[in-house]
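Engineer: The feature repeat 'WD' is assigned by TrEMBL to B:6-47, B:48-89, B:142-183, B:187-228, B:284-314.
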Amino acid sequence: MAEVISMADIEASAARIGIDLSSINLDSIQLPPGEDFGIQSGDDGDLYQDDPLEFEGGFGNIIVVDNLPVVPPEKFEKLEGVIRKIYSQIGTIREGGIWMPVSPDTQKTLGYCFIEYNTAQEAELAREKTNGYKLDKSHIFAVNVLDDFEKYMKVPEEWKASEIKPYMPGENLQQWLTDEKARDQFVIRAGSNTEVFWNDPRQLMPELVHQRQYWTESFVQWSPLGTYLATVHRQGAAVWGGASTFNRLMRFAHPQVRQIDFSPSEKYIITYSSHEPSNPRDSHRIVINIFDVRTGKLMRDFKGNVDEFATGGSGGVSGISWPVFRWGGGREDKYFARIGKNVIAVYETETFTLVDKKSMKVDNVVDFSWSPTDPILALFVPEQGGGNQPARVSLVQIPGKEELRQKNLFSVSDCKVYWQNNGEYLAVKVDRYTKTKKSTYTGFELFRIKERDIPIEVLELDNKNDKIIAFAWEPKGHRFAVIHGDGPRPDISFYSMRTSQNTGRVSKLMTLKSKQANALYWSPAGRYILLAGLKGFNGQLEFYNVDELETMATGEHFMATDIEWDPTGRYVATAVTSVHEMENGFHIWSFNGKLLYRISRDHFYQFLWRPRPPSLLTTEKEEEIAKNLKKYSKKYEAEDQDVSMQLNEQDRKKRKMLQDQWNEWVAKWKQWHEEERQFRIQLRDGEASDEEEEYEAKEVEVEEVLDVSEEIVADQD
Amino acid sequence: MRPILMKGHERPLTFLRYNREGDLLFSCAKDHTPNVWFADNGERLGTYRGHNGAVWCCDVSRDSMRLITASADQTVKLWNVQDGVQLYSFNFDSPAKSVDFSVGDKLVVVTTDPFMGLPSTIQVKRIARDPNEQTTESVLTIKGPVGRINRAVWGPLNKTIISAGEDTVIRVWDTETGKLLKEADKEIGHQKTITSLSKSADGSHFLTGSSDKSAKLWDARTLTLLKTYVTERPVNACAISPLLDHVVIGGGQEAVHVTTTDRRAGKFEAKFFHKNLQEEIGGVKGHFGPINALAFNPDGRSFSSGGEDGYVRLHHFDPDYFSIRM
């Protein structure tokens with residue numbers, strides 16, 4: 001980038017070389033052609049080098065309507081009126097934007113016309129809506145965008161087999177998993193920079209992997225297994241990855257994309273955008289595309305009004321809730337589903353069509369969620385008919401669509417579903433009205449999915465009037481934590497789905513009284529939990545060991561807004577993002593609550609750990625390792641020691657170097673100082689100078705006359 | 001030791017200065033009256049009444065007889081330290097921001113703010129031994145830097161003047177000719193306003209604090225960057241220990257944002273760094289506003305800080321401070 005020169009600088013340098021700026025006509029100065037005096041124009045920065053701007057060229061906003069009736073001149077105006085009526089509903093037609101050519105011989109129309117809209121979006125919409133429009137039996141419109149004609153004309157007459165490109169082995173996209181020090185990566189976004197780092201807790205600082213300015217236009221996102229980093233641009237989304245650095249692997253064209261979502265095993269990416277309607281009375285238009293991540297092929301697109309995609313069933317006012325499509329069926333990316341009015345539409349990815357070619361009808365359904373591991377849907381239908389029809393939670397198996405289990409619930413105000421991440425348990429938090437209907441209280445229905453007939457257990461808290469502030473399952477475990485209470489210092493309880501004798505009963509492990517916490521973050525490996533007080537609690541942190549039921553450490557990251565465990569459960573990141581004006585940045589903690597390092601960044605937007613694919617070890621193997629941890633950890637402990645010795649050595653050397661350098665300076669200064677001594681004394685008029693001992697303490701008695709008064713003393717004599 | 005809280009100002013502190021013996025501490029604030037205190041026990045000795053605007057800076061002569069103060073009332077006043085009598089008043093066309101006596105106390109360098117279309121200036125005045133012979137004309141006037149010049153001090157042997165201010169560039173000027181001799185490199189220099197500048201005891205190096213949340217140590221002769229100290233808050237004040245290899249820098253969240261959050265968020269700490277390792281040693285909390293002024297006692301055994309909160313805090317170091325190992 002060129003150095004920015006302000007007017008003030010120009011004035012200053014003009015003054016220095018003695019030029020009166022006001023006497024110069026700046027416009028009259030012309031540089032020799034092709035000469036820029038080394039000053040780069042600010043326009044051609046790196047910003048657009050990768051993605052050249054796509055200008056609106058061509059005739060994208062003009063459509064051609066075919067199969068119009070052929071009419072004589074006297075009916076010309078009537079036909080034009082009809083066409084104008086049809087097409088002005090869809091968008092704004094430019095002035096003089098309808099042109100219907102007339103045959104010079106017969107003076108009759110030729111059966112087609114051109115319509116020019118204000119925008120290409122309107123033209124596209126008109127093409128979609130009226131292609132195949134039946135004016136009457138013999139006149140069915142064929143509508144095309146003018147730009148497409150060129151494309152169709154170019155289609156060669158004869159089919160040629162496309163060239164088969166030689167196979168190029170791709171990069172190892174999983175390279176980062178083979179890091180020798182078994183470190184994890186994370187991405188941060190601050191200011192206009194996006195940076196990927198290794199978390200290096202041994203060095204107590206991050207190590208930069210890759211950095212780019214303007215890498216994304218709104219946000220970045222890792223794919224669920226960590227293979228790709230997705231960026232969002234005006235033209236669409238892109239995914240990045242690679243063995244050593246980040247290269248662009250694929251682009252997905254979707255103008256003005258707003259949201260993206262990966263399928264659980266990264267096969268597909270869903271992109272979403274919403275467009276302002278040209279007519280303010282209309283609702284927003286929504287475009288959703290599903291791409292294959294590796295090939296970039298568009299698998300399916302969905303277009304329509306907001307209302308068609310809005311959740312909340314009956315009301316329909318609640319707008320879009322992202323993700324619109326939710327992926328299910330575990331790691332195979334087999335099914336995805338969305339909710340509509342009185343239906344759940346389940347699609348399968350083999351054909352990208354509805355399962356059984358029809359949506360599943362569920363009257364008044366308001367919410368659904370997939371089991372994280374199995375193709376099982378949990379549906380919630382609220383109470384109907386003023387309480388005559390109870391609310392219902394049901395589990396439905398896909399693709400058979402048979403109901404596995406159902407539970408009716410009475411006087412329900414709201415329901416929320418929490419799956420345990422292995423899909424073993426399901427907790428439904430039910431808010432019920434009290435008898436007076438004036439207030440609500442909360443209970444839990446706990447489903448054991450993997451057991452025969454899916455037994456359901458009801459759990460109520462000791463004080464059932466307590467408000468539930470947060471709920472979280474232990475990942476891969478059988479425990480859950482609840483924050484409950486009304487006051488400013490709520491309680492936290494831990495429950496287990498097993499008791500020591502009986503595996504089929506839920507039992508309470510512990511209640512911690514009056515904690516400053518309102519959010520729960522389990523370690524991804526289970527066992528440890530971070531109790532966090534965000535927002536009103538200013539970022540209080542408590543690291544708790546649930547096996548031993550004891551607090552390991554407490555800490556504070558003032559005003560923390562975000563907390564994320566690394567995928568292995570070894571480290572925790574707490575961050576203050578730019579929602580707060582001050583002290584943006586992140587802290588990295590060890591799992592047991594030791595603050596490892598802090599990084600400050602202005603305008604800090606995002607912190608995301610790079611996810612890891614699930615472990616390939618079997619459960620037995622994992623248990624074996626946990627049992628013989630000492631044996632396995634020896635190697636790493638030795639490494640740790642090596643590194644810390646090395647670091648100490650480096651540190652000592654560096655300090656010594658700095659100290660030597662400093663001493664050198666000081667010696668030089670001292671020398672100068674001595675040399676200049678005489679001059680200094682001279683400057684001080686001969687007064688002996690620098691050191692303290694050269695001045696002597698003199699005691700000076702000062703007599704000051706405070707008052708003089710005259711008194712007449714009587715003469716005694 | 002417990003700090004001594006000195007409440008004598010009604011407005012935010014702007015500057016602190018010890019005399020050479022280290023027995024007196026002069027404080028300036030946005031109220032119009034500089035104070036003088038016993039640097040040992042924090043007792044107030046007296047005030048210097050006469051200014052009609054915020055007092056930005058002061059300096060005391062080597063023999064502790066004369067005090068000179070720069071004020072926003074567009075004057076620089078010369079005082080008798082002992083009895084607080086105003087000896088002379090230099091009038092300017094714009095607010096005076098900083099003053100500094102030369103070696104020998106015969107010259108003084110004054111900076112004035114840009115005001116009503118006038119550019120900022122650096123001016124040198126001669127100080128007469130007898131106040132009755134004092135004249136007002138400037139020996140030298142330097143113009144050039146854009147924006148406020150927050151501080152100008154004398155270089156070694158009065159041969160140069162070092163200036164720093166809002167345009168983030170540190171400049172060295174020739175005192176004979178008024179020519180620009182050196183300019184700090186923009187790349188390695190501060191990125192935002194330089195708020196403070198403080199010389200080492202022997203004048204061989206100096207420390208600058210900036211709103212870019214860092215302080216930098218420079219060689220006074222060559223203007224080479226020696227060290228950088230990074231903090232989490234804008235730096236308003238800095239000082240170099242005359243005894244140990246320590247520097248102290250202070251500041252905090254900008255005053256306009258202070259009321260919006262918790263006091264802990266402001267980080268109104270005086271932070272100690274090791275001068276050549278650039279590592280943080282510790283912090284001294286206490287102020288409930290940003291720190292605007294810092295000064296070390298010339299014996300290096302105590303320091304004082306002045307805050308936006310109107311307090312001066314006088315800290316005598318505990319014995320273990322002198323045995324800190326890095």
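Cβ atoms here come from the backbone N, Cα and C positions, even for glycine.
Please treat TrEMBL annotations as automatic predictions, because they have not gone through curation.
Thinking about packing and proximity, how do these listed features fit into the structure?
Structural biologist: When Cβ-Cβ distances below 8 Å are used as the criterion, the repeat 'WD' (B:6-47) is approached by residues 53-60, 62, 64, 67, 69, 71, 73, 81, 84, 255, 289, 292-299, 302, 304-314 of the same chain, each at least six residues removed from its ends.
Under 8 Å from some Cβ of the repeat 'WD' (B:48-89) lie the Cβ atoms of residues 11, 14-15, 17, 19-21, 24, 26, 28-36, 95-101, 104-105, 108, 110-112, 125, 127, 131, 134, 151, all in the same chain and six or more residues away from its ends.
Confidence across the repeat 'WD' (B:142-183), taken as the mean pLDDT and rounded to a whole number, stands at 92.
Sequence-remote contacts of a segment are chain residues at least 6 beyond its ends whose Cβ falls under 8 Å from one of its Cβ atoms, and for the repeat 'WD' (B:187-228) they are 147-148, 150-151, 153-156, 162, 164-166, 168-170, 172, 234-240, 242, 247, 249, 251, 273, 275-276, 278, 294, 298.
Within the chain carrying the repeat 'WD' (B:284-314), a Cβ under 8 angstroms from the stretch's Cβ atoms is held by residues 3-18, 20-22, 25, 27-29, 37, 39, 42, 198, 201, 233-234, 236-244, 248-255, 258, 263, 266, 268-270, 272, all 6 or more beyond its ends.
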Engineer: Which bits of the chain, at least 6 residues beyond where the repeat 'WD' (B:142-183) starts or stops, bring a Cβ under 8 A of a Cβ in it?
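Structural biologist: Residues packing against the repeat 'WD' (B:142-183) from afar: 57, 97-98, 100-104, 107, 109-111, 113-114, 119-124, 189-197, 199, 203-204, 206, 208, 210, 212, 218, 220-223.
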Engineer: Per DSSP, what is the residue count of the repeat 'WD' (B:284-314) in each of helix, strand and coil?
Structural biologist: 0 helix, 17 strand, 14 coil
Engineer: Go ahead and report the DSSP secondary structure tallies for the repeat 'WD' (B:187-228): helix first, then strand, then coil.
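Structural biologist: Split by secondary structure, the repeat 'WD' (B:187-228) comes out as 0 helix, 22 strand, 20 coil.
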